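*Asks:* Right, I'll just put the structure down here and ask away after.
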Amino acid sequence: MRLLLSIAGLTTVVNALAVRADGNVTSSTAVATPTAWTGFPVPTEYTLPQDDHDFQERKEEIKLKRDTITYVPSIIGETSLFIGGSVGTQIVRQEQAKWIQDLTPVQQDAFREGNASLKAIQDHGGLKTLEDYKILYDGHWSGSVPGGIAQGQFNNFTSDLLFAMERLSTNPYVVRRLNPESDKIPFSVDANNVTHLTGTTLDTLFKSGSLFLADHSYQAEYTAQDGRYSAACQALFFLDQRSGQFLPLAIKTNVGSDLVYTPLDDPNDWLLAKIMYNVNDFFHGQIYHLANSHAVAEIVNLAAIRTLSSRHPVFGLLQRLMFQAYAIRATGEIALFNPGGLFDQSFAFSNVYARKFATDFYPTVAGPFQANYFEEDLRARGLLNASYGPELPHLPFHEDGHKIINAIRTFIGTFVDTVYESDKVLAEDSELQAWIAEANGPAKVINFPSAPLNTRKQLAEILTHMAWLTGVSHHVLNQGEPFTTSGVLPLHPASLYAPVPTAKGGIKDLLPWLPNEQKSVEQISLLARFNRPKIVENNETLLHMFDVKTLLSGTGEAVKAANEQFMIAMGTISKEISTRKFDDQGLSQGMPFIWTGMDPGVIPFYLSV
């Protein structure tokens, strides 16, 4: 039995860079601030600059931070600037030390469980059928991912409804409704097949706003690693008026013979087409989350660090949200996206193309701040309140997300109104206005609200989006989700292991395209290490996002009360999500699997991985 040696090296690599000068690790219950490094005390009460009796000391602190916490070039692609400078580097090392401390028990479990999983499939005689992939999961991974894979994910992996509904749940950031007034049908599909599948024509679906596109054709520009293969799929989906379901219509590979597959093809051909799409989608989800959550939240916060005193209440809130944030990209650069590293070991495309994706998508799709507000993004893609097509029967991402973000908005609204009794007070806050100017200036935040900021509503929107990015959006694509849903084998491999077919028909066995026993366990174990099961017992879940003494004690009774209400709301949402069951049609939220990826009682409040 070959050991999973790729797991063992990560701790050594990260520890080499994650040593604090004093050897200590900051407790997760504190609001980490740079004040420990600048020599200024952590505040016990937050004040606005216009109300501070020692304004000069605030100015000195900010000047020191601006001198010692600087912008340096982006890492892992050309996205946002990273944190540097003498103090900035120490912040990164401190956060890496805490991050590796949290990783270590998960990594140890994953190493042990991975070897047990590999032995189990080898004792079985290897992977001989698609059903054998279940052996890799059954009875394993309870330490690293206690909840296991999502109920229904494996038993229904051939389901077209499952494949389609994943576009509205486990990776909801790609699909969009085609607008008959501004879009074109991206590729043709055999007319007889369309009629058979939909009861109507492709043009009628398009003109009625019932046709949807998920497009990964840009990946045709990428070159797969030796022995790895990938298509660059586009997939069409439609609203079926007969069943009331959101279903797949066709998948186009955009490579080689550029075949177009439909559900009417031979079952193995069609299942392979869905697998090929998922290879593209899996790559997208993992790198999109990096450019959309990490890169965006980091740079907005870095601008705040350089302009807000540690006594500023907004600074205190941001530092809670950004717990451990600067550990992730720095660690990923050396241990995940390094040449031959963990990413290269599993995915079809190397780290070179991960960086290219981040570089290409950050300025256009992933990085714009206001355009990615929760509902704004869904509306822009025609998934919510579309005027040019029928309502989706189910949109699980929004069904859960709108409840969570409304609770976040309520807390943030109280926080902002407590800090600023009027828009006038906000307008007169010199540090806050400097932050907005810095974000639009040296920090180069894309699509950030312009300076000056005039209303409390605008600030509440900014802070709500920051909380959404760090505590919710990130975990839809990362954290435990790839293990439980979006990376479950055999439907979701990180790479193909045989060339994309040049013709349809004649496929008797899909195993040549799928990872073997060793590569399968490597993929599963990598995803297991993304999870953080200890956060529940450590009170680091979304439910506890604002529940930290230093923040609440320094901002007043109204904010404390708002946190209590927030925790009650999160508890209610968590109970609803965690107790989901299938209905009498075998569905949950219109899907043949139970999705719990946004459970506030399980996901972290921060950018965990």
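Glycine is treated like the rest: Cβ placed from N, Cα and C.
Grabbed the feature section from Swiss-Prot, which reads as follows:
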- HIS289, HIS294, HIS474, ASN478, VAL609: Mn(2+) binding site (BINDING)
- 117-609: domain 'Lipoxygenase' (DOMAIN)
- ASN24: N-linked glycosylation site (CARBOHYD)
- ASN115: N-linked glycosylation site (CARBOHYD)
- ASN156: N-linked glycosylation site (CARBOHYD)
- ASN193: N-linked glycosylation site (CARBOHYD)
- ASN385: N-linked glycosylation site (CARBOHYD)
- ASN539: N-linked glycosylation site (CARBOHYD)
- 1-16: signal peptide (SIGNAL)
*Asks:* How many Å separate the Cα atoms of ASN539 (N-linked glycosylation site) and HIS474 (Mn(2+) binding site)?
*Replies:* 18
*Asks:* Look at each of the glycosylation sites, ASN193, ASN385, and point out the one with the fewest other Cβ atoms around it within 10 Å.
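*Replies:* Counting other Cβ atoms within 10 Å of each of the glycosylation sites ASN193, ASN385, the minimum falls on ASN385.
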*Asks:* Would you please pick out, from the recorded positions ASN115, ASN156, ASN478, ASN539, the one with the fewest other Cβ atoms within 10 Å of its Cβ?
*Replies:* ASN539
*Asks:* Calculate the distance in Å between the alpha carbons (Cα) of ASN385 (N-linked glycosylation site) and ASN478 (Mn(2+) binding site), and round it to a whole number.
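*Replies:* The Cα atom of ASN385 (N-linked glycosylation site) is 27 Å away from the Cα atom of ASN478 (Mn(2+) binding site).
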*Asks:* Once the chains shown are all counted, how many other Cβ atoms turn up within 10 Å of the Cβ of VAL609 (Mn(2+) binding site)?
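*Replies:* Taking all protein chains shown, VAL609 (Mn(2+) binding site) has 25 Cβ neighbours within 10 Å.
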*Asks:* What is the average pLDDT across the domain 'Lipoxygenase' (117-609)?
*Replies:* 98
*Asks:* List which of the glycosylation sites ASN115, ASN156, ASN193 have their Cα within 10 Å of the Cα of HIS289 (Mn(2+) binding site), in sequence order.
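*Replies:* The glycosylation sites passing the 10 Å Cα test: none.
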*Asks:* Of all the glycosylation sites given, namely ASN115, ASN156, ASN193, which is spatially nearest to VAL609 (Mn(2+) binding site) at the Cα level?
*Replies:* ASN115
*Asks:* Between the Cα atoms of ASN478 (Mn(2+) binding site) and ASN115 (N-linked glycosylation site), find the distance and write it as a whole number of Å.
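*Replies:* Between the Cα atoms of ASN478 (Mn(2+) binding site) and ASN115 (N-linked glycosylation site), the distance comes to 23 Å.
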*Asks:* List every residue in the same chain as HIS294 (Mn(2+) binding site), at least 6 positions away in sequence, whose Cβ is under 8 Å from its Cβ.
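*Replies:* Expected: ALA325, ILE328, ARG329, HIS474, LEU607.
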*Asks:* DSSP three-state call for HIS474 (Mn(2+) binding site): helix, strand or coil?
*Replies:* helix
*Asks:* Apart from HIS289, HIS294, HIS474, ASN478, VAL609, which residues in this chain have a Cβ no more than 8 Å from the mean position of the Cβ atoms of those residues at the Mn(2+) site?
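*Replies:* Near the Mn(2+) site, beyond HIS289, HIS294, HIS474, ASN478, VAL609, sit LEU290, SER293, ILE328, HIS475, LEU477, GLN479, LEU607, SER608.
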*Asks:* Among all protein chains shown, how many Cβ atoms are found within 10 Å of the Cβ of HIS289 (Mn(2+) binding site), not counting that one?
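*Replies:* A 10 Å sphere around the Cβ of HIS289 (Mn(2+) binding site) contains 26 other Cβ atoms.
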*Asks:* How big is the gap, in Å, between the Cα of ASN115 (N-linked glycosylation site) and that of ASN156 (N-linked glycosylation site), rounded to a whole number?
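*Replies:* The Cα atom of ASN115 (N-linked glycosylation site) is 27 Å away from the Cα atom of ASN156 (N-linked glycosylation site).
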*Asks:* In Å, rounded, how far does the Cα of ASN193 (N-linked glycosylation site) sit from the Cα of ASN156 (N-linked glycosylation site)?
*Replies:* 24
*Asks:* Need the DSSP three-state call for ASN385 (N-linked glycosylation site) to compare against my parser.
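*Replies:* Coil, per DSSP.
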